[in-house]
Amino acid sequence: LAAVSVDCSEYPKPACTMEYRPLCGSDNKTYGNKCNFCNAVVESNGTLTLSRFGEC
């Protein structure tokens with residue numbers, strides 16, 4: 001089984017678009033899009049990971 005990952009190297013960003021392309025984090029929380037997810041990854045100091053694409 002391949003690990004799912006997202007490149008968050010260009011984050012954090014000060015503002016995210018409202019585009020809805022959900023990602024499910026390892027905290028079992030659904031993030032609205034890559035920007036929201038990656039900002040949360042940065043805030044968690046890298047402890048948050050991607051569980052899967054789509055809603056949790």
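In case you wondered, yes, glycine gets a Cβ from its N, Cα and C as well.
Here the domain 'Kazal-like' (6-56) returns a mean pLDDT of 95 for the predicted model. Residues annotated as domain 'Kazal-like' in Swiss-Prot: 6-56.
Residues or ranges marked as disulfide bond by Swiss-Prot: Cys8-Cys38 (among others). Sequence-distant neighbours of Cys38 (disulfide bond) (same chain, 6+ residues apart, CB-CB distance under 8 A): Val6, Cys8, Tyr11, Pro12, Lys13.
The DSSP secondary structure for Cys16 (disulfide bond) is coil. Cβ neighbour count for Cys16 (disulfide bond): 17 (other Cβ atoms within 10 Å of its Cβ, all protein chains included). The feature disulfide bond is assigned by Swiss-Prot to Cys16-Cys35 (among others).
Around the Cβ of Cys56 (disulfide bond), 14 further Cβ atoms fall within 10 Å across all displayed protein chains. In three-state terms derived from DSSP, Cys56 (disulfide bond) belongs to neither a helical nor a strand segment and is classed as coil. Under the heading disulfide bond, Swiss-Prot lists Cys24-Cys56 (among others).
Every protein chain considered, the tally of other Cβ atoms within 10 Å of the Cβ of Asn45 (N-linked glycosylation site) stands at 7. Asn45 (N-linked glycosylation site) falls within neither a helix nor a strand when secondary structure is assigned with DSSP, and so counts as coil. What Swiss-Prot lists as N-linked glycosylation site is Asn45.
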By Cα-Cα distance, the member of recorded positions Cys24, Asn45, Cys56 nearest Cys16 (disulfide bond): Cys24
